[in-house]
Every structure is written in structure tokens, then in C-alpha cells.
Amino acid sequence: MLDVNKFEYMKIGLASPEKIRSWSYGEVKKPETINYRTLKPEKDGLFCERIFGPTKDWECHCGKYKRVRYKGVVCDRCGVEVTRSKVRRERMGHIELAAPVSHIWYFKGIPSRMGLVLDMSPRALEEVIYFASYVVTDPGDTPLEKKQLLSEKEYRAYREKYGQSFQASMGAEAIKKLLQDIDLDKEVATLKEELKTAQGQRRARIIKRLEVLESFRSSGNDPAWMVLDVLPVIPPELRPMVQLDGGRFATSDLNDLYRRVINRNNRLKRLLDLGAPNIIVQNEKRMLQEAVDALIDNGRRGRPVTGPGNRPLKSLSHMLKGKQGRFRQNLLGKRVDYSGRSVIVVGPNLKMYQCGLPKEMALELFKPFVMKELVERGLAHNIKSAKRKIERVHPEVWDVLEDVIKEHPVLLNRAPTLHRLGIQAFEPTLVEGRAIRLHPLVCTAYNADFDGDQMAVHVPLSAEAQAEARLLMLAAQNILNPKDGKPVVTPSQDMVLGNYYLTMEREGAIGEGMVFKDTDEALLAYHNGYVHLHSRIAIHAGSLKNETFTPEQNNKLLLTTVGKLIFNEILPKSFPYINEPTTENIEGRTPDKYFLDKGVDVREEIRKRELVPPFKKKVLGQIIAEVFKRFKITETSKMLDRMKDLGFQYSTKAGITIGVSDIVVLPEKQEILDEAQAKVDTVLKQFRRGLITDEERYERVISVWSAAKDKIQDRLMKSLDKRNPIFMMSDSGARGNASNFTQLAGMRGLMANPAGRIIELPIKSSFREGLTVLEYFISTHGARKGLADTALKTADSGYLTRRLVDVAQDVIVREEDCGTDRGILARALTDGTEVVVKLEERLVGRYAHKTVHHPETGEVIVRKDEMITEDIANEIIKAGITEVWIRSVFACNTRHGVCKKCYGRNMATGMDVEVGEAVGIIAAQSIGEPGTQLTMRTFHTGGVAGDDITQGLPRVQELFEARNPKGQAVISEIDGTVVAINETRDNQYEIVVQSEVETRSYVAPYNARLKVEEGQHVERGQELTEGSVDPKQLLRVRDITSVQEYLLREVQKVYRMQGVEISDKHIEVMVRQMLRKVRVIDAGDTDVLPGTLLDVHQFTDVNAQAIREGKRPATARPVLLGITKASLETDSFLSAASFQETTRVLTDAAIKGKRDELLGLKENVIIGKLVPAGTGMARYRNVKPAVKKETASDTVPSN
């Protein structure tokens, strides 16, 4: 057996007739498949056992030899070799064609490879191949030219005139003869000469021809092999025929297609033997050609061959193409054993690293392990009896199962898996029932809820797989979100509400002002009803044994509440005591104002003070992030579990409910509405008098109603009782927000019509009062559009993720340091005056490229090549520095990936990135996963001259595909001054920019908004009008750096507008992949052809070689490719073919004789090799896991 992990590379090429015959185990001569009576394969037919091997293991066709002992014997009666039946999956046959046939991929593809080799147009080729015209193959001494086309009539005339002194023929044989006559070296040499002088269209054609001829020359493929003499027949198990219940047969379409080929081939042989008239033979040859075309790629030329019910038959090409094709269905998406799925329910009592597995499911999943253990313990004599015991569910089986699943993590996955947190490992605990129990805190990462979601379970089998699951994938390890490095396991809903309720303060609650000696005493008083959870009390600070208190503070009384005492119990002892939800308290220490000297009148102090707000969801997030920063994973996951338990416990105790009476309607609502109506009437009067335009009237009416709604919202929020359950829910961040509340109690406000334009009649009622029929009808537009949009968006966002993954899948951290001398100058990303991404956010987790000094004191804040942490970043900001040179993926020199220093911190762990991390995939997931949160609509911005500027998901696609944007801005191509802005006759602006050398004028449409004025200095690439810049134009006018910055800024802008934070480095990885190619302009003395796309590294290699040999190097310009284009241009043909345009990619690769070096992840998944990332890298290959018996406390955080 081939060891897949020993592969160096994979090569594809054209097969010669000899090669096809050498693969074959025999010739298929008959179109028959199987005998309908005996159901055995017919001899010499498409399923023949003599050619393809026996249908039953170790049994020949006639039954003379049965049993393993005859292994390898060839039966003397039927000629079948006695062997395993699975050879029918690998043995090929062949058909000897009676006439050569052209291969449709090479003749019909775009560009036609055959046409380029022969320098004939595809139309001319088609006429020859399908027997419509003759082609001159050898003009002899006649005035005819080689490759000249002759119609039937002309051919006859020339035959009469010149007799046999020239040769012309039709069909694929003629083409084959022409292909055989080609001298590649000579042809290439003449073309290179012509290229020196050629211009325009002719030059482009020569370059294209040169490319194809060079590929043939260097790959060792013979152009004549594009015409087939022998047709391979694929193994029968790959085109099976199965019997259905009713005695009928279902068969693969390929068998029909092969049958047609064999039938026509045999008929042609017979006609040739009979010496039939030329016209009949030609017709039969044409039909054979068409049959082979249909077999290879049905429907590529003319109407597809159809089966019953007018369904086009699936040919060999269709077997590879598309989502259901071989690549995506079977090679990239395999089904796996040892897996199961079930509905999920919440498991509130689980630990962070646990999940509940239903007993019956666990028994089935761990069956082999349980059987082994049963035999080892002597509870069963052999494997068979062990299996029987399990099937009959003996009581002792459960005890064994309990022991087997200890320490054996399982993987849980929820579809759609949008990012790496969609698959995590848990330690299973057995539960009754048939539902999987899931820890509530991991729901956010999975985006799971318990309304009927299902999840899949997978069992890692080998010791290595288990170790990886435990060390890398355990849910307790995945606390941070890879896209921004913020905790993803924040409590939600009930847990937030419980902790909010727990940390509330209330005036005049029972027991206010009591002083306790320690926590136990306070809790005793609380449990016995002497003091309320929300009462402000004092406690002896020293008794809390908090390590952040100073000695003076320890001698004082701490002003707090019972609830906060309980809350602080869950935090590590060396963490500040959190008494107020402020950053100073969480990141620094408890403020001094809460410490009272002993002997002070506590009640008086309390009366003087404001109430401290309770801890909301955001604050809990901050606490988790800070605990993680200081104490790392184990401590954080323990604390999260405790926070979850507290939350559930106290939201239960709080008994917070909702009733209609909680929705209080605002008394002054009518007043506000009447006021707004009066304003609207005034606007209408102005419009009727012609003082304002219709558009202005519309804008003003909308703004009046919006203002009215905002006013109602403000009043409502102010008038609400702080203990109103609905207010508590929305304020804590558990559920709902102010706008939901306004719609319940205030007014619903303005709605949009199906086209997205706002209807100027607002909905004045609230849900509490009830809507009128018209109001209800208006509101249905928005609701329906929302649902339709969501459905469309999911598909679009998924496709974007797929393209992103494809373009970046081979970006892996390959080395420690690439030694680059470049970096990028990081400033805050701004859009006009608005800051999109702050400077500190861009700096954290990066390496400095140059040493940063304090501008005043001159002391070193961070040295060159040192990691910038949160604290250093804050120092840089405090020092007033606005720009810093940092290492960036953009400037990384590593081939096929990035280096540790240029990438910086791994957002998912908060540590340095490891060599082997698949950062490309992480980047793709981080950008794709929030895609569903982005809006679909194109906004109408601005007043009358409002042009559509794409936003949301379509804008992200536009940027990554490097398309010409909608609402394109005009940019200046030179540095200079705007000397004039004129209006032309046809209502356009003409902007004239003048530099010292030249003057350029730009035309902008009349409704464009200008961004410059006369006399202003502009730089190359600066926008003259508002709108989106075309990145390709920017690259042409300026340089790579400005394009990188522009794309980074624009993508960030879209995501930040929706409140999604993504780390810069993910977008940088993508943009770098879009800019990795250059187009050769002048080849110099090198072998590259002008106009070809080369990888930047290949280009530098070629030039370095030329300079070493003293030749003139080539010149090239950088190109920006969209992500689809960039994925198809990758060096790996396996990766490109499994992405899109499969046939085109494979045709091209075969002619070039491409080698796939298997550097990316996708190629390795396809051939079944370990991926060269993470633990699959060569450097980790030889690490063997050692099993040591360990106690539970070694591996799992215990409580």
C-alpha cells in the first residue's frame, strides 16, 4: 500500500496511447454489461471479469476455483484471475478506436489549446474535426498552403487539377497528422523572433501561442496526444450497476456513454472491413467523435446527450465538477465513522470542559473500547461474546463504559461551522435521556440555542488525536475569540441577569448600615433575613484577605453590599475586590472612597453617597478579560463556572418576571405627538407655497418624526423605575434594548417600504396600546424583508467565507523570523474626522519594527523587535505618539506563509503565535464568520444628490474581489494643484490638476460631491470627488502600500459600522494574498514571457539568476487580484481545481505538466495526507505520545 505521508509531490500530464494501454488489463470489445438471466458480467463487455477482476472474492467466473488457496491462479476455462473483488475498483480497460478522435477539453476549451498549437481558429478546427471541410496536410509541389481549408467542392476540383501530388484529409486524423508535423523548438524560436517586432493583437496572440508551445516543450507532453487513438475505460466499481427491488437495474450514466462509443466504434470497424463508401464511413467517424465528446464532457459542444426523461447524462467531467463532484463531495468532505448527532439541551451543572452524552449514544460510539475492556477484565471470553453483551445491554456494560469514557474527550460540532470555535472538545459524562447536554457558556461560540438545535459528536480514536483534543480543543482552552482576542465565553441572559441582581444597591433596604466582622457573619445575617442582598453594609476589610488591599486599607471598614461580597467570592484572592463597575477598579484596585475609618457613623456615610450601578454584561466581560490576562486559562475557566452558577442561582432567587403591567405608557406621549404633527403641518404648508422641494419636505418630515420618537424614548427611560423587570433586563444586557421598550410602551415610529425607502407616516401606537390595521400592514414590510434578507445573506456570507478560505489556506506560520527590513507605519485608521480603529488597538500584540522613544524624556518605551503589550500600547498613547513602525504581514518575506515576528500575537491564545499555526484559515474564518451580521442593503446617503454607496456584505465582497466599486470616486493621477473647476455644457464638472510637468483634467458627473477646491494641493491617488476608490486604479497611480492601507481601512470601516471588531492582521493576511502576483512587462534576457503572471518570489528568483549570469533582468508591475482570481492562480492545481472551473484548471495543468508540491492544506486533505500545519508539520511528525496513568487532577481543572 502506498504510504500517503511519504508523497513529495503530485504531477499531472497528458497520457500517451502506450501509457493508456499499459494501464489497461484488456480491451473492452462489446457494449454488453451483464447477462439479464444469470446476472453475471458478459465476456469482453463493460463489466467483464476477465478484464476487471472477479465480482466475488476469491472466485472465478465459471466457478472452477473458489477459496483463498487459489489466490493468483488464472482460471483456464474462463480466464479470470482469482483475487479480491476490490480490484474492480482499480483495474482499467481500454477501447482501441477505429479512427483517431480529438479530446474535447483541448479543442473546445477557452482558449483552444489545439488551435493555439496549430495556429488555426477554433472554427476552422471544428469544421475539420466534424467532417465539414478538408485541411491540406501536405501541399506537395502545388500552390496550396499547409493547413488551408478546402470545401468538398474545392477538394474535388484540386484533385482533378493536381491529382495525387498533394494530401488533404478531414477529421481528427488530419489534425493528428498536423500535430505530429510540428517541430516545437523551431516554432518557439520563430515566434520569439516575431515577438521582438510585433504589436497589439498580433503580439497578444504570439504570447498566448508561445505559452502553450513552451508548456508542451518543457513538460515532455507530445501535442499529438491531444488526439486519442485509445480510450481508457474506468474501473466498473466506479460506474456501478445495481439491481433495484423490481428486478430493474440502475446504472451510472457513464455506462450509457461508453456503450454508445463501443457501438459506434464496432460499426465503424465493420464498415471499414466491408470497404463501405467514403460518405458513410465519414458519417460514422463523426458520430464516434461525438460519442467520445459526450463521454468526456457532455454538453460542452452542441446539445447534450440525454437519458430517459430528457435528463442530460453525467459525463466524466461532471463527475469532478461542482458541489456534488468528486473533489468537493468525496475528497474534501468525507463522512466519518464513530460519530452521532442529537438534539441539545442545556446542562447548567456541567463544568466548563464537560458535556453530557446520552447513555445509548455513548455505548454505540465507544463500542470497540468497551469490548476490549470487557475482554481484558475477563467479563467476556472473546470479542464476539463482548459484542453480544453490549447488544443485550448487560448491567456490567455500564460500569465499563463509565471507565472507558473517563479521560477520553469527544468533539462536539454544530453546523454551520463558521469558525474554529464551531468544533470543541469536551469530557463526556453519561446522562439519561436521548439529548446531548451542552454547557451554557459555550453557546455563544457555537451560536447555539436550545430551541431544537442539533449537534454532532465525534470520537478522537488514536492517542495522538486524544492528546490534541485535550490540549488544543478543550472548551476550557477556547476562552478568547480568534477574531479580536476578546473573551467569547461571556455569560448571557439569565446569568447576566442574576449577577446584575446580585450586585444591585438599594436605598433603605433592610439591615442597611450594619457592620460585620467577616463574610460568614454577613451571610448568616442575610440567610436569616436580618439584611437584604442589596443593603449597603460595612465589613472589616482585613477579613477578606484580599491581596490587593494595602495595610492601611486592611485596618478600615469596607463599604459594600452582601451581594457584592458573594460576587467577589468567585474571583481569585489576588484580584481586586470589585465594588464599582469601573475600569480603575477592575484593572487597578478598589477605590479608597469605599474604605471608612473604624468608628465612623456608617449609616450617615451611606446616606451621603450615591447608589453604585450594578454590574452589567459589559462589565462581566471586562472582568473575564482581566482575569484571563492575569491568571490564564485554568483559573479563568474555574471562575467562569462559578459566575455561571451564581447567575443562575440569583436570577432564580430574584424571581424576575414580566407582566403587561410592567409596560407603563408615557402620560405626555400625546403632547409630543401633537407637537410633532404641528411641525409636519408647517413643513407641508411651506411645500405647498413652493418654498421647499418635495425631497426637502420628505427629509424634514422624516427628521421631525425621528426626533419625536427619540424624545419619547428619552422620557420613557427617565420615567422608568430602576427595579422594573423589563428595565433590569435591558439595562443588564440580558435581553432587549431601549428601542424594544420604546416600541412596547412609546411608539413604533417610522417604517420602511419594500424598496427600503422610509414611509413618512409613522406608526404612532405602541404594542401596549395596539396597532391599527393600517399600521400593522405597514409594519409587515420590514418584518418580511428582514427574514428574506437573512436567508439571502447566509448564503452570500458562506460563499464569501469559502473564497476567503481558499485564497489563504496555504498561509501558515513557517518560521521564527523572516529577517525583513520593512515594516508599516501604523496610525489610527480614520474616516474623515471619525476614528475607525484606534492606534492602541492596532499596536497590541504586534512587534515593533523600530525602537520607540518617549518624545519628551527620550527614554525607550519599546525596543525594536519587542512585542507591544496592552501596557506598552497605553504608554505609547500617553506619551502622545501618533504613529509607530510595526512589523506586519504586509512586509513579511517568508515564502508560502508568514513568520512569527511579522504576525505577532495569536488572538485566540493571547500568546505568541506558534510555528505551524494555520493563520490563513483563521483569518478567513474571522472575516467570514461575522459576515452574517453585516447588512445586505445599499444605503441611500445624503440629500437630493444621494448616490448609492454600497455597504455591508456587498461592500466587503466588492473590496475582496477588487471590483470596480459602485459610486466610484475620481482620483488624481499626478501630484499638483487644482487650478480650475469648470462646469461643462452637459452638466458635468471638469477638474483641472496641474503639476510642474503636466496638466490633467478629470470629468466628474454633476451630482458628484467634490472633495477639493480651487487652489488646493492634491497628491497622486487623492480623491477629487466623494465615493469609493477603485483599488486597481490606485495601484496603478500610487504604490502597493497605499492600496494595502486603503483595503484594510475600508474593510474595517464596514465591520466597525456594524459593531464587529476584527483584528487588522486577519485582513492583512487576505490583502497580502491578493497582491502576491506580478505581471511581467519586459522579459529582459530571461525565459519568462511578457504578460505572464508570476509569484513575487518566483520573479525575484528569476531575476537573481539572470543577474548572476550577467543577463538583463525582467521588469514587472504588481497586480491586484480579486480573491476568486487569486485562488485560481495558485500554484497548486489540486487546490484550484477543487475550487471552481475544474475542467479549465485541469486542462491547463495537464498541458503544462504541472507539479503540485502539496504546500497548502487543501491539496493534502484531497490526497489524504496529514495537513502541513500545526501538529501535522514535518517537525512534529516524529513525536510519539507516551501514555502515563494520571490522576484526574492532572488534566482537568477541578473545583
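Cβ atoms are placed via backbone N, Cα and C, with glycine included.
The DSSP secondary structure for Cys78 (Zn(2+) 1 binding site) is coil. Around Cys78 (Zn(2+) 1 binding site), the same-chain residues six or more apart in sequence whose CB sits under 8 Å from its CB are Lys43, Glu49, Arg50, Cys60, His61, Cys62, Lys64, listed in sequence order. Positions annotated as Zn(2+) 1 binding site by Swiss-Prot: Cys60, Cys62, Cys75, Cys78.
Asp451 (Mg(2+) binding site) has a Cβ environment of 6 other Cβ atoms inside 10 Å. Secondary structure from DSSP puts Asp451 (Mg(2+) binding site) in coil. As annotated by Swiss-Prot, Mg(2+) binding site applies to Asp449, Asp451, Asp453, with the evidence given as sequence analysis.
Sequence annotations record features per position, and here Swiss-Prot assigns Zn(2+) 2 binding site to Cys818, Cys892, Cys899, Cys902. Counting only residues at least six positions away in the same chain, the Cβ atoms of Cys818, Thr820, Tyr847, Arg887, Ser888, Val889, Ala891, Cys892, Thr894 sit under 8 Å from the Cβ of Cys902 (Zn(2+) 2 binding site). According to its DSSP assignment, Cys902 (Zn(2+) 2 binding site) is helical.
Of all the binding-site residues listed (Asp449, Asp453), Asp453 sits in the most crowded Cβ setting, with the most other Cβ atoms within 10 Å.
Listed in chain order, the extra residues whose Cβ falls within 8 Å of the Cβ center of the Zn(2+) 1 site residues Cys60, Cys62, Cys75, Cys78 are Glu49, His61, Gly63, Lys64, Tyr65, Asp76, Arg77, Gly79, Val80. Once Cβ contacts within 10 Å are tallied over all protein chains shown, the binding-site residues Cys60, Cys62, Cys75, Cys818, Cys899 are led by Cys60. A Cβ within 8 Å of the Cβ centre of Cys818, Cys892, Cys899, Cys902, the residues given for Zn(2+) 2, is found for these other residues of the same chain: Glu815, Asp817, Thr820, Arg887, Val889, Ala891, Asn893, Thr894, Val898, Lys900, Lys901, Tyr903.
Note: the Cα of Cys899 (Zn(2+) 2 binding site) and the Cα of Asp453 (Mg(2+) binding site) are spaced 40 Å from each other. Highlighted in sequence order, Ile344, Ala448, Phe450, Gly452 have their Cβ within 8 Å of the centre of the Cβ atoms of Asp449, Asp451, Asp453, the residues recorded for Mg(2+), and are not part of that set.
Of the recorded residues, Cys75 (Zn(2+) 1 binding site) and Asp453 (Mg(2+) binding site) place their C-alpha atoms 58 Å from one another. Taking all protein chains in view, 26 other C-beta atoms sit within 10 angstroms of the C-beta of Cys892 (Zn(2+) 2 binding site).
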